[in-house]
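I have placed the structure first, in the form of structure tokens, so that the comments after it can refer back to it.
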Amino acid sequence: MKEKSKNAARTRREKENSEFYELAKLLPLPSAITSQLDKASIIRLTTSYLKMRVVFPEGLGEAWGHTSRTSPLDNVGRELGSHLLQTLDGFIFVVAPDGKIMYISETASVHLGLSQVELTGNSIYEYIHPADHDEMTAVLTAHQPYHSHFVQEYEIERSFFLRMKCVLAKRNAGLTCGGYKVIHCSGYLKIRQYSLDMSPFDGCYQNVGLVAVGHSLPPSAVTEIKLHSNMFMFRASLDMKLIFLDSRVAELTGYEPQDLIEKTLYHHVHGCDTFHLRCAHHLLLVKGQVTTKYYRFLAKQGGWVWVQSYATIVHNSRSSRPHCIVSVNYVLTDTEYKGLQLSLDQISASKPTFSYTSSSTPTISDNRKGAKSRLSSSKSKSRTSPYPQYSGFHTERSESDHDSQWGGSPLTDTASPQLLDPERPGSQHELSCAYRQFPDRSSLCYGFALDHSRLVEDRHFHTQACEGGRCEAGRYFLGAPPTGRDPWWGSRAALPLTKASPESREAYENSMPHITSIHRIHGRGHWDEDSVVSSPDPGSASESGDRYRTEQYQNSPHEPSKIETLIRATQQMIKEEENRLQLRKAPPDQLASINGAGKKHSLCFANYQQPPPTGEVCHSSALASTSPCDHIQQREGKMLSPHENDYDNSPTALSRISSPSSDRITKSSLILAKDYLHSDMSPHQTAGDHPAISPNCFGSHRQYFDKHAYTLTGYALEHLYDSETIRNYSLGCNGSHFDVTSHLRMQPDPAQGHKGTSVIITNGS
């Protein structure tokens, strides 16, 4: 009885072993491996292989009981697959949603030292770094699918880095940290969807598993990697600041190593790729090694080259702390988009098509180097622009204008306009504008010369608050605002500048006949280049212009520079002033014939679309006056306010203001200035007699001057009356504070007078 039970147990074990042996032979493994497997390993491997049938239903064809005809192509495919697996610098693995390794190729032993049998069927979490468990869980998790239920299967790409356990010898393991090796894994998560019979529009999905390929990153030592012609290496600090670069970088990117040292890698990477580079940098600091995505490294001559980098953190041999970053970079393409500048460090191969001034044709400033030396203090520093300069963009703004939300300086914009190309249609000239920002555009109402239809359309009339004259003065000094720029109210069109700038005075006057008569107040035939004096004070207009210099480009052969533009503007405004004084002496009929009967020039602020400003600098109102009225008179060395003289309603011509300190004012202009100071004009003139040739300044203008700044080009008010006297005078004008300061900060020189300087009347805040 005892013998029978022993024999029965032995027979049962033999049958069990034979069944396990037969089962092991069904596994797609070499017989040398299967013959050494124990029962637990056979069950583990068999279970894992059965799960693989879910991922790949075709399986192994005949080995899974399917009879099919084999062709020579199938045999070639199998052999090719085995060879590809051997030549692959990595290993293939399939992981179930629960983390069990369903399959891993035998090449894993080359990179990790762990056998295929040992890994298959076990949890991948047992072989990865504990800090990477959460990342692995996120990779294996499938979110709610967004695909239609008609799609049965789809794949979600995955790319991640894992620190896997490595048991290889130190000389063969490459770079390891704490017994773990960084493996770059890339593959896809396979999702299968099923539709429900009861509800055709509903369905469920199944997370089949992850199929990925694991690659070992190259070791850090450069001596262990053969650098080919399309590769270069660099060493950087932990913040990616370059310390050392290989000499091959010069022929691949155009930069010499010394050009890149002490700059971060982010400084030379395309802006759209900095996010991917930042993520790779973060992974590098956490895991010690990383392979970047393809990114664009900017070339020196413009454009970029596509690069992929293998970066490694090198630890200090003594302290075992991170020391630096060593990266091997593969340049994958030639330079693309050559000449496209994306960085200040890049040099364009060809100059931009849009330009300010010509580099081949000499300009006026090139022929007048003697006069230019007198303006040496206003020479500006060169500034290289990374982008082509288009005329539609106002790139030159004063950095001292912090109150403006656009960061633009009014005087800088006036002194340095950007000119349009006359070759293009509709761009014969561009206006030089000085911007002022107004909190409420309704404070400026329409003038007398505006058509009544527009007054009715916009429903704005002169109120007691606006007082009419303030609006008229605002329109004269500020002009019409540019269309399409809502935040700016009061864009003054100083003067239209043509593209061509003739060198001679006669040619320049012929090209701009509408403003040439201003120049004659300094004497007939006088061409002055010293009319603009720079300012050493910060925040001035000249400093705004000094900060940048017009760059030499090629497609504008006759454009003036910023200094020449301001000089000519000053000279032409002076000429126009004398012309107005001469026209005042003509009879009304002659004035009407000169200015054109029925012609009205009154630019104002409105909501409707306005046409571009015309060439006339003076936009006079329809209020007539045969002679200027003296608002400011001197009695026994004192200045009296308009309230004391009852001249509140008589206009004062702005053209009569002059500077007694100027050394170039002619005798006739001095007589006019004297006549202005001592004449007593009665306010008996009525509106409508004849158009006023010069804009008039009423007593109501003073309140407008208190709020806004105006530039009186060509005169120095601070030398006609001192600031304290003007301040006392303003106390008589409704108690408002009135101050006169020079924006250019030009103090009088006892040895030399001012030559066509510019001042600004500003509020005293």
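Just so you know, glycine gets a Cβ as well, placed from its N, Cα and C.
What Swiss-Prot records for this protein:
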| type | residues | note |
| --- | --- | --- |
| DOMAIN | 1-53 | domain 'bHLH' |
| DOMAIN | 77-147 | domain 'PAS 1' |
| DOMAIN | 218-288 | domain 'PAS 2' |
| DOMAIN | 292-335 | domain 'PAC' |
| DOMAIN | 336-765 | domain 'Single-minded C-terminal' |
| COMPBIAS | 352-365 | compositional bias 'Low complexity' |
| REGION | 352-428 | region 'Disordered' |
| MOTIF | 368-387 | motif 'Nuclear localization signal' |
| COMPBIAS | 373-385 | compositional bias 'Low complexity' |
| COMPBIAS | 394-404 | compositional bias 'Basic and acidic residues' |
| REGION | 527-560 | region 'Disordered' |
TODO: With a Cβ cut-off under 8 Å, give me the same-chain residues at least six positions beyond the ends of the domain 'PAC' (292-335) that come close to it.
DONE: 175, 177, 217-220, 222, 225, 227, 230-238, 240, 243, 252-255, 259, 268-270, 272-273, 276-277, 280, 284-285, 341-343, 345-349
Task: Summary of DSSP states over the domain 'PAS 2' (218-288), given as helix, strand and coil counts - done: 33 helix, 13 strand, 25 coil
Task: the domain 'bHLH' (1-53), counted residue by residue under DSSP: helix, strand, coil - done: 44 helix, 0 strand, 9 coil
Task: Residue counts (helix, strand, coil, in that order) that DSSP gives for the domain 'PAS 1' (77-147) - done: 34 helix, 13 strand, 24 coil
Task: Residues of the domain 'PAC' (292-335) by DSSP state, where helix covers H, G and I - done: 0 helix, 26 strand, 18 coil
